[in-house]
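Feature annotations, reproduced from Swiss-Prot:
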MOD_RES   Ala2  N-acetylalanine
BINDING   Asp61, His62, His63, Ser78, Thr79, His80, Glu81  substrate binding site
Amino acid sequence: MAGKAHRLSAEERDQLLPNLRAVGWNEVEGRDAIFKQFHFKDFNRAFGFMTRVALQAEKLDHHPEWFNVYNKVHITLSTHECAGLSERDINLASFIEQVAVSMT
């Protein structure tokens, strides 16, 4: 990924986070990160979702923290490089939303 990631400013957060909050992303208490839990019809759909996200994450060299049990996928996004939320997290969360919508 080009350029060093920078932590989002308060102004950038005010501009970028409302759309994600509107679709269920929440800020993690005590950590500069965002989180969302996804539910799918079954394990195959959950795994397909994770596969599509993984391919994009690898392409972007920006990887989620995630946990999967059967049809549930929990995702936390934060940028290690800047120890907090960056535009990379916002972009990946937006992509994740597109994938989730396409699989329901």
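Keep in mind that glycine also has a Cβ here, set from the backbone N, Cα and C atoms.
Asp61 (substrate binding site) counts 8 other C-beta atoms within 10 Å of its own C-beta, drawing on all protein chains shown.
Counting other Cβ atoms within 10 Å of each Cβ, the binding-site residues His62, His63 show the lowest value at His63. In the structure as shown, the Cβ atom of Thr79 (substrate binding site) sits within 10 Å of 21 other Cβ atoms.
DSSP gives Glu81 (substrate binding site) a helix state. Shown in sequence order, Ala5, Ser86, Arg88, Asp89 are the same-chain residues outside Asp61, His62, His63, Ser78, Thr79, His80, Glu81 whose Cβ sits within 8 Å of the Cβ centre of the substrate site. Considering only the binding-site residues Ser78, His80, Glu81, the Cβ with the fewest other Cβ atoms within 10 Å is that of His80.
DSSP assigns His62 (substrate binding site) to coil in the three-state reduction, placing it in neither a helix nor a strand.
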